[in-house]
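**Student:** Annotation source TrEMBL lists (6R)-10-formyltetrahydrofolate binding site at Q110, F111, I112, D164. The active site, proton donor feature in TrEMBL is assigned to H128, C728. Taken from TrEMBL, the feature site 'Essential for catalytic activity' applies to D164. For 339-416, the entry in TrEMBL reads domain 'Carrier'. Annotation source TrEMBL lists NADP(+) binding site at 592-594, 618-621, 651-656, 671-672, K778, 825-827. Taken from TrEMBL, the feature active site, proton acceptor applies to E694. Positions annotated as active site by TrEMBL: E694.
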Amino acid sequence: MLWRGSQALRRFSTGRAHFKNKLKLALIGQSLFGQEVYSHLRKEGHRVVGVFTVPDKDGKTDPLALAAEKDGTPVFKFPRWRVKGKTIKEVAEAYKSVGAELNVLPFCTQFIPMDVIDSPKYGSIIYHPSILPRHRGASAINWTLIMGDKKAGFSVFWADDGLDTGPILLQKSCDVEPNDTVDALYNRFLFPEGIKAMVEAVQLIADGKAPRIPQPEEGATFEGIQKKENAEISWDQSAEVLHNWIRGHDKVPGAWTEINGQMVTFYGSSLLKSSVPSGEPLEIKGATKPGLVTKNGLVLFGNDGKALMVRNLQFEDGRMIPASQYFSAGETSVLELTAEEVKVAGTIKVIWAGILSNVPVIEDSTDFFKSGASSMDVVRLVEEIRQKCGGLQLQNEDVYLATKFEDFIQKVVRKLRGGESEEELVVDYVSKEVNEMTVKMPYQCFINGQFTDADDGKTYDTINPTDGSIICKVSYASLVDVDKAVAAAKDAFENGEWGRMNARERGRLMYRLADLLEENQEELATIEALDSGAVYTLALKTHIGMSVQTFRYFAGWCDKIQGSTIPINQARPNRNLTFTKKEPLGVCAIIIPWNYPLMMLAWKSAACLAAGNTLVLKPAQVTPLTALKFAELSVKAGFPKGVINIIPGSGGIAGQRLSEHPDIRKLGFTGSTAIGKQIMKSCAVSNLKKVSLELGGKSPLIIFNDCELDKAVRMGMGAVFFNKGENCIAAGRLFVEEAIHDEFVTRVVEEIKKMKIGDPLDRSTDHGPQNHKAHLEKLLQYCEAGVKEGATLVYGGRQVQRPGFFMEPTVFTDVEDHMYLAKEESFGPIMVISKFQNGDIDGVLQRANNTEYGLASGVFTRDINKAMYVSEKLEAGTVFVNTYNKTDVAAPFGGVKQSGFGKDLGEEALNEYLKTKTVTLEY
């Protein structure tokens with residue numbers, strides 16, 4: 001929290017604090033905001049001696065009054081405080097009777113007389129949702145958006161006899177995101193931070209530290225409450241100005257225009273960042289260009305040629321429809337209800353009556369909102385219907401689009417009959433003509449079965465490492481998007497079709513998905529080459545090929561997951577049966593790296609889905625495109641909505657939120673050890689969620705002089721340079737026996753010189769670009785460190801002089817155990833070679849194990865006894881003997897020590913996504 005005084009800035013702490021000084025407070029106001037301020041002030045030890053609020057409306061008590069009455073705090077409900085400019089005597093006496101030292105007005109719609117404002121020892125403080133002196137007056141949040149402000153915020157100020165003109169006590173601001181609405185700003189910032197600020201302000205007063213900073217008149221503005229007649233849209237403006245006007249009036253009073261002779265109000269505006277989709281033209285009075293009714297909504301155009309989209313339309317009779325249904329809005333016929341549907345309608349009528357307790361009889365014409373319902377009642381209605389109507393899942397939007405009881409029942413019946421089933425998947429692709437094909441790439445978040453822009457409209461560029469060009473802009477998931485994805489996954493697991501599906505049907509869907517991956521393998525491999533720099537032929541065989549195999553393997557496991565029966569010690573004459581069940585965990589989070597984007601997705605998500613879980617997956621920020629294409633194919637395979645959710649974005653925002661989220665029961669992560677430790681800590685602190693980690697490695701490869709040298713050279717190079725060295729199990733250090741060391745190095749260099757470095761889409765390319773620029777720079781620094789420490793740079797160590805992020809395959813020798821190169825992973829095409837004395841098996845084993853990592857390892861020798869001895873002594877999750885990089889979907893994969901724990905692949909991977917329940921019964 002910031003406050004201004006003598007140019008000082010004070011940082012507001014969100015932590016719980018206990019202060020010595022406490023005050024007697026009168027709370028004057030209303031609403032949920034007022035209730036929360038009241039509750040938090042009491043928790044901090046202040047004494048609320050009286051609550052002054054509005055009378056009950058339509059038989060409903062204000063939330064502030066409800067909370068105070070429950071606590072036994074005196075509550076006064078005055079319809080007004082003064083008549084003809086004079087304070088009502090009885091009201092003034094009631095107020096003075098509580099003996100308040102400070103008036104707190106968190107949200108108040110009544111005019112409070114100055115003798116009441118000035119009465120307490122410390123006066124009165126008021127919360128206002130703008131950065132004063134800008135936007136004085138009512139509807140400040142609306143005007144913040146209407147005027148296109150880049151900053152929003154609130155002020156807590158000392159009340160005076162002006163309108164929002166009193167001295168400032170403290171202020172706080174936030175950025176306004178491109179697609180923020182009044183609700184979004186309020187819920188994200190103004191509401192939660194405003195509550196904290198009111199508590200902080202009261203304590204500053206109690207401690208004698210509260211400033212009084214006069215408001216400057218420079219920059220001051222005053223705007224009143226917008227009325228419907230003033231909210232008409234003026235079309236000769238830019239798309240951004242139109243968007244600000246519409247979102248600033250959403251939902252009250254609603255920005256409107258004239259279409260076909262009637263007033264139509266627009267709701268749910270967002271700037272259109274992607275290409276304009278196809279649609280049916282709609283003439284709009286005064287608009288410079290007709291709108292377009294598309295599958296996603298109504299596209300509107302500014303005078304700058306840019307576009308925006310609105311989701312919902314409301315007509316003069318109060319009827320609201322999705323904008324996408326404008327041309328079919330009047331085509332819906334009235335349905336005759338079956339006996340079972342009549343029972344459901346009766347149950348819903350009882351639910352409506354319970355919420356609208358002020359309405360004597362619920363009739364067909366009863367309007368939910370005109371009868372006094374609020375947004376909180378919408379949530380209650382949806383949840384009660386789900387509980388009492390066999391799990392029927394409605395959305396909040398369903399209530400807003402059918403506010404009359406008769407219309408609402410018709411909507412419910414259509415859902416019951418499947419008439420409002422999910423629309424065909426709408427994908428807004430980025431298309432490229434490349435690799436002799438048209439590649440179509442989704443770029444938006446995939447949440448609850450639909451592609452959608454990030455909640456705040458943010459995007460970022462994903463880069464082609466071959467030439468550094470921008471492939472496309474990708475949605476940058478916000479915390480709101482993560483929460484939406486988790487909520488969708490949770491609902492799909494607990495209430496959706498997925499949770500009720502039998503295991504064999506689950507396997508059928510996974511087989512179908514594997515088939516689709518295979519059918520689209522050329523396109524997927526091309527996207528992988530564009531987005532990650534993977535050589536196309538390798539992407540086709542490994543990145544995509546192993547992904548297909550992984551889904552097929554785990555599809556076969558779906559109906560073979562089983563528990564066991566256990567004989568236990570029985571207390572005669574009773575007889576007992578004990579058995580175990582393997583059950584899914586629930587919502588799982590998966591965070592994958594950038595080196596094998598699709599294959600890492602498959603390794604984790606296939607086991608997760610086979611076990612019956614739902615998932616939220618965050619691809620690496622730099623390689624999101626194959627994951628989003630996978631999402632599209634999952635819909636085509638028939639996966640129910642919410643089962644698979646993909647949220648591109650940063651680890652610091654989306655990844656951290658996943659690790660902290662209380663509704664996630666398991667997190668699988670592949671990445672660095674440092675980030676793995678942070679994730680493990682967050683998972684523990686939040687809700688002790690289950691974790692599996694595949695982390696960094698420094699895998700040793702020991703080459704004895706009795707090896708088959710041709711094979712050792714060939715596979716040793718593969719161990720290092722496979723996939724440009726961006727390989728978690730890459731041989732981070734080679735130990736070569738002295739007798740063959742020099743020849744081994746010579747032959748490796750000779751083979752490197754034959755490698756073709758170039759475009760990964762060229763079928764003859766051996767070595768493509770590094771994944772991204774920052775990684776290339778890190779590799780070059782790694783080589784510089786090796787040279788400085790005295791290692792011998794035999795070959796490479798430089799960036800290839802061509803566009804893109806290419807690095808020469810590199811070889812270092814004379815690497816000693818204390819050197820940086822010997823200890824740290826490069827994750828690139830850098831061969832680090834150390835010599836060991838002839839015959840010193842135990843010595844080289846000690847050196848090979850002298851690392852905190854333990855992901856993989858390898859040994860080349862013709863002596864089977866030596867091979868078995870070395871494989872037994874090496875401290876690693878995998879040991880390759882006379883081969884390398886030989887992974888298979890049936891073989892468990894994972895590390896030890898600081899390379900992590902838990903397994904991908906094989907039967908063991910299923911256990912990472914299952915829990916065991918023991919059942920004992922007596923008969």
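Cβ from N, Cα, C; glycine included.
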**Student:** Just to verify: the residue among D164, E694 with the fewest other Cβ atoms within 10 Å, which of the recorded positions is it?
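**Tutor:** Among the recorded positions D164, E694, the sparsest Cβ neighbourhood within 10 Å belongs to D164.
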**Student:** Write out, in the order they occur in the sequence, the residues of the chain not among Q110, F111, I112, D164 that have a C-beta within 8 Å of the mean position of the C-beta atoms of the recorded (6R)-10-formyltetrahydrofolate site.
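**Tutor:** The surrounding set, listed in chain order, is L105, C108, T109.
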**Student:** Tell me the residue counts in helix, strand and coil for the domain 'Carrier' (339-416), as DSSP assigns them.
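**Tutor:** Helix, strand and coil residues of the domain 'Carrier' (339-416) number 49 helix, 2 strand, 27 coil.
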**Student:** Which of the recorded positions H128, D164, C728 has its Cα nearest to the Cα of K778 (NADP(+) binding site)?
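**Tutor:** Closest recorded candidate to K778 (NADP(+) binding site) by Cα: C728.
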**Student:** Test of understanding: give the count of other CB atoms lying within 10 angstroms of the CB of F111 ((6R)-10-formyltetrahydrofolate binding site).
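**Tutor:** I count 9 other Cβ atoms within 10 Å of it.
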**Student:** What same-chain residues, at least 6 away in sequence, bring their CB to under 8 Å of the CB of K618 (NADP(+) binding site)?
**Tutor:** A477, A589, I590, I591, I592, I646, I647, P648, G649, G651, A654, G655, L658
**Student:** Near D164 ((6R)-10-formyltetrahydrofolate binding site), meaning Cα within 10 Å, which of H128, I653, Q656, E694, C728, F827 (recorded positions)?
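**Tutor:** If one measures from the Cα of D164 ((6R)-10-formyltetrahydrofolate binding site), the recorded positions that come within 10 Å are H128.
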**Student:** Between the Cα atoms of I112 ((6R)-10-formyltetrahydrofolate binding site) and H128 (active site, proton donor), what distance do you get, rounded to the nearest Å?
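**Tutor:** Given the Cα positions, I112 ((6R)-10-formyltetrahydrofolate binding site) is 15 Å from H128 (active site, proton donor).
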**Student:** Out of the recorded positions Q621, I653, C728, F827, give me the one sitting nearest to Q110 ((6R)-10-formyltetrahydrofolate binding site) by CA distance.
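**Tutor:** Comparing Cα positions, the candidate nearest Q110 ((6R)-10-formyltetrahydrofolate binding site) turns out to be I653.
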**Student:** Just to confirm: which same-chain residues, 6+ apart in sequence, have a Cβ under 8 Å from the Cβ of C728 (active site, proton donor)?
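**Tutor:** Listed in sequence order, they are P593, N595, T670, E694, G696, G697, L855.
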**Student:** Among residues Q110, F111, I112, D164 annotated as binding (6R)-10-formyltetrahydrofolate, what is the maximum Cα-Cα distance? Answer in Å.
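**Tutor:** Those residues reach a largest Cα separation of 14 Å.
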**Student:** CB neighbours of I112 ((6R)-10-formyltetrahydrofolate binding site) within 10 A?
**Tutor:** 20
**Student:** Quick one: Cα separation, Q621 (NADP(+) binding site) versus H128 (active site, proton donor), in Å?
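**Tutor:** Cα-Cα distance, Q621 (NADP(+) binding site) to H128 (active site, proton donor): 38 Å.
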**Student:** Out of H128, I653, Q656, F827, the recorded positions in the record, which is closest to F111 ((6R)-10-formyltetrahydrofolate binding site) when you go by Cα distance?
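**Tutor:** Comparing Cα positions, the closest of these recorded positions turns out to be H128.
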**Student:** Which Cβ among the binding-site residues (I592, I653) has the fewest C-beta neighbours inside 10 Å?
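**Tutor:** Relative to the other binding-site residues in I592, I653, I653 has the fewest Cβ atoms within 10 Å.
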**Student:** If you average per-residue pLDDT over the domain 'Carrier' (339-416), what number do you get?
**Tutor:** 84
**Student:** Of all the binding-site residues given, Q110, Q621, Q656, which residue's CB has the most CB neighbours within 10 A?
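**Tutor:** That would be Q621, with the highest Cβ count within 10 Å.
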